[in-house]
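Peer 1: Let me begin by handing over the structure; questions about it come next.
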Amino acid sequence: MLGFAIAIVVGVVSAVVMVYSPTVEKSLYPLLLFAQVIPKIAIAPLFIVWLGFGLSPKVVVAVLMAFFPIVISGVTGLKSIDPEMLQLSATMGAGPGQTFVKIRFPAALPHLFAGLKVAATMAVTGAVVGEFVGANEGLGYVILQANGNLDTPTLFAGLLIMSLLGVVLFVVVEALEHLVLPWHASRRTDAATTSL
């Protein structure tokens, strides 16, 4: 959960900075893509060397796994605003702060929640990957030990628990989306039934 929470904060802030600064976007996008394609299991041992054993390496791997979909969906959502709406708000005297709070951010929320749902499951995977290489307890450690001992029932139980954690986090994000976005077309069941 801690890794997911940090990824949300850092990801949303990074998306806002990238949208408002094309120079930062051009500089960061290639680095983000480069970091995303590196298998996290391959770099997880480096975090053990740099950060030692304990919670920190697991959190860092979870952040790295969850960060990318949040940034990409945030940038896409913040850029998907109708230019005419932005011109209208400027004509009516809205400043950049008001435009962001009243127009850009609310319009970006559907995209952002889509990214958060993907990131929620990836954060669980990241935490378990972090436990594979640098923990003497936790779900990843149990799965790794079961694999080494050829303990198939425990291995499958660990995988099932990992999947359930991802599903629970996904459902929590989806419930939050229902609360925050009751106005969005995907939330209105009456619109879906009348179009059939």
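Glycine too: its Cβ is placed from the backbone N, Cα and C atoms.
Keep in mind that TrEMBL annotations are predicted by a computer and have not been checked by a curator.
Keep in mind that this is a model prediction, so the values were computed, not measured.
The domain 'ABC transmembrane type-1' feature in TrEMBL is assigned to 1-173. Look at TrEMBL and you will find 6-24, 31-53, 59-78, 112-135, 155-176 tagged as transmembrane segment.
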Peer 1: Counting Cβ pairs under 8 Å to the transmembrane segment (6-24), which of 31-53, 59-78, 112-135, 155-176 comes out on top?
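Peer 2: Looking at each of 31-53, 59-78, 112-135, 155-176 in turn, the most contacts to the transmembrane segment (6-24) are made by 59-78.
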Peer 1: Which residues of the chain, 6 or more past the ends of the transmembrane segment (31-53), have a CB below 8 A from one of its CBs?
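Peer 2: Contacts of the transmembrane segment (31-53) (Cβ under 8 Å, skipping residues fewer than 6 from its ends): 60-61, 64-65, 68, 71-72, 126, 129-130, 132-136.
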